[in-house]
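S.K.: One structure, pasted below without further comment.
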Amino acid sequence: MPRINIKGGVWRNTEDEILKAAVMKYGKNQWARIASLLHRKAAKQCKARWYEWLDPSVKKTEWSREEDEKLLHLAKLMPTQWRTIAPIVGRTANQCLERYEYLLDKAQNREGLSAEEDPKRLRPGEIDPNPETKPARPDPVDMDEDELEMLSEARARLANTQGKKAKRKARERQLEIARRMAMMQKRRELRAAGLGSYLGLMPKTKPCMDYNLEIPFEKQPPKGFYDTSKEKPDPKLMDFQRLRLSDVEKESYMEREKRERKKDAERQTKRLQEDLPGALLHRGVLDEPAVKRSKLVLPAPQISDLELENLVKVGQAGENAVRMAIEDAGVDSGSATHPLLPDYPSAGGFATPALIPQRTPANLVDSVTREAQNILALQQVQTPLKGGENTQLYGESDFSGVTPTTPSVMVTPNTLLPNQIVGLTPFRTPGGPNDGTPMLNGTPGLMADGKRSGCTQATPLRDRLNINAGDPDGIVNGDGFHLGAKVNGGKLGLRQSLASLPAPRNNYEIFVPDESEANGNSGDLDDSITAEEDASGTAARIADQSDLDRLREKEREAEAEAAWAKRSQVVRRGLPRPSDINHSILRSVPPTQTPQQESAMTDLQRAEEMIKQEMITMMHYDNLLNPPPSQLAEASKQATTASGIISNAQQKRYMQQVKSAHETYLRGTPFEEIDEPKLKEAEKLLVEEMAVVRTGMNHGELSTEAYAKVWNECLSQVLYLPAHRRYTRANLVSKRDRIESHEKRLDQLRQLMADEAKRAAKLEKKLRILLGGYQSRAQTLMKAIQESVDQIEQSQMELTTYERLHEQETGAIVRRSEVLEADVERQQRRGVELQREYARLVRLQEEREADLFLAQNPDLVTTATPDTNGQTNGPLEALCNSVSADETVITPIELSP
């Protein structure tokens, strides 16, 4: 009989986890797809399980008293409408129904029944009608194949977060974006070339077929003979053997689980070896209890020891003053002095502190039980046709709203409030402003009309002279003194104070500035804005401050660009400049130059001196406005102390000295700024002179390689002297200076090499962090590739070996067959010969035995014995018959080849 699977039954922990994961992926609408992951559950059961148990919004805590009251009240208003009652109570419909039945059983005193006596229990063989509302059962240790297959299928399907359709959509979207970008680039290039693009103006033609010219679904037959070799049936026989799960899956579930457990163990061991503190910390966190005992935090004391001492001192001072006044007044006037000096200690203290309620008193009648009994009484009502009295209910039934009315409960007094001392009952009960009896120092609260209730803070127990205002309600304490509250008096005084304020004056003054003054303050910028607006045909307006700031910023940028354009090309191109200017290149200082010396120089020398002088002046001017980096480095070097710390004060002092030297030189020889037209004219003259010189000296176009070669040759003829801190020709220095220059160059190269090594180390560290994973992955892949190559080589070697072995065996089989056939033939011939020899020996043995028998029995030679047929036989026949009678048979030996 085939096995029948009925979907349903108790939910297990594995099924709950699969349902949670499936809802996270597919949502709460695709229950058929979710149910396909659970082979034993239907879509309706999955939906019921989620909304009745697994939904995080389902409340599984104990039922509170308020929820029970609300449930019974709603059940009385809307009987059997649990789907409507459930969201109001905040529970599921099944929880509401179960709780309702439990409360009814409790009201009937049936909650103490045993499991055997419970009529709702499930008997053996019965099926739970609502398994979705029960907790999940634990998974068995040994699952069957169906459950393991369901787990593997669910893991594979839930792990696939991006299906084929999503991948195809993403790929098509990328292709569409690439196609659109290519079309935009093509149009842009055509537009830039001046050809224009009419791709968007071409009429859109639908890709339809002209049935007058073409044949739909036409398929041209191939030329030549049709190949029918593929139509031949496959000679292979079909394999009807039953496939097992192990034949489909290369790795079983148990093997996969074993491998995963082994990986987890290796990962934990590796973490203990590499990150022992982290592993111990993680283990300590897991071992810690879930809930820690919190510290006992008590509130701060309301009255300090110093305040208690002051209260005691004040009381003692008052008693001493009363006693001294009575003694000074004498006995006669003591009767007149006594009413002015009352005895406050004998007047009594606060209310009885022993009667302070320390908790909220419980209700005498359980409202939940009462409502349950009322519902049971209403359910057992007979038909109204019989007449009689109505069903008697306990208490008053409330049908005024969805939620039941809560009875008035005494509020627990809070002894920690600063304006609350001791009170037996509240000053006003919630029922109304005059319902309760006002007591001394009651708990302050809000009355029904929103006013603040409570006792006044004026000293009511020390007011024997009735200085404070009387109580508006006429409330008197036990000693006969008024307990006045200043609530109404404070409000009246506040109203009088507010009435004495002057009336508001809503007067505003608007000041309109003069247009000419506003334009005059803004200067030329406003004029330019107004002129632009007039030129554009719009009306003149006052310039906005943001527009003025923007124009000023543009002017500053234009001025900075103009000043930067007037700088020398050395500064603009960022070429290196000397920090210390050498004035010895001049032939003589211009102020001390005599006319005879000036006349002694030629025009070329004089022009050269003027160029040198202008160059030195430009260098001072550039260093003053734009100090070179070498000058800043020299300032840092000069400001460095013996401990290696740079002093900012010394650095500033050095820079100030350098700046003063430049300013002093420029005052003697001022720098003259040249206009732009003159600079362009000079540049034009230089270009013409360069062309003349190139033509006169037969200089052609100099390539980069030739220029670099000449530059290296010229540079090799110049040496830097560290002792003199200047460059000179190499052929003019001594051997010692040349060695010092090379040592300095070697130190510079070593320092450069060290800096580059540090930079390379930093880059290598960054690249190691950035590409560490890729490198490890590449090494793993290289190792795998090498192993694959080794396996391929080994397999190739084995293949070659087996091929040669096959060839040798194929040739050897023929030779062995021939040898074996020859041996068989020889053995057969030998067997035939042995058979013949055996037959000859047998005949010889028979003849000898016959001769021996005849020799022993001579009388048988002449005697004739009749046979069974009545014939007589000779002696030889008689011997044979005797041998046959003895049943002695001799068979030849057959030899196998």
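Just so you know, glycine gets a Cβ as well, placed from its N, Cα and C.
All annotation found in TrEMBL is predicted automatically rather than curated by experts.
Straight out of TrEMBL:
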COILED    732-766  coiled coil
COMPBIAS  117-126  compositional bias 'Basic and acidic residues'
COMPBIAS  590-599  compositional bias 'Polar residues'
REGION    111-142  region 'Disordered'
REGION    248-271  region 'Disordered'
REGION    512-554  region 'Disordered'
REGION    575-599  region 'Disordered'
S.K.: Summarise the compositional bias 'Basic and acidic residues' (117-126) by DSSP state, stating how many residues are helix, strand and coil.
M.R.: 0 helix, 0 strand, 10 coil
S.K.: So if I exclude everything within five residues of the ends of the region 'Disordered' (248-271), which remaining residues of that chain have a CB under 8 angstroms from its CBs? That is, six or more out.
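M.R.: Long-range Cβ neighbours of the region 'Disordered' (248-271): 148, 151-152, 278-279.
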S.K.: Same chain, outside the coiled coil (732-766) by at least 6, Cβ under 8 Å from its Cβ: which residues?
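M.R.: Sequence-remote neighbours of the coiled coil (732-766) are 719-723.
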S.K.: For the region 'Disordered' (248-271), what are the DSSP-based totals of helix, strand and coil residues?
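M.R.: Across the region 'Disordered' (248-271), the residues distribute as 20 helix, 0 strand, 4 coil.
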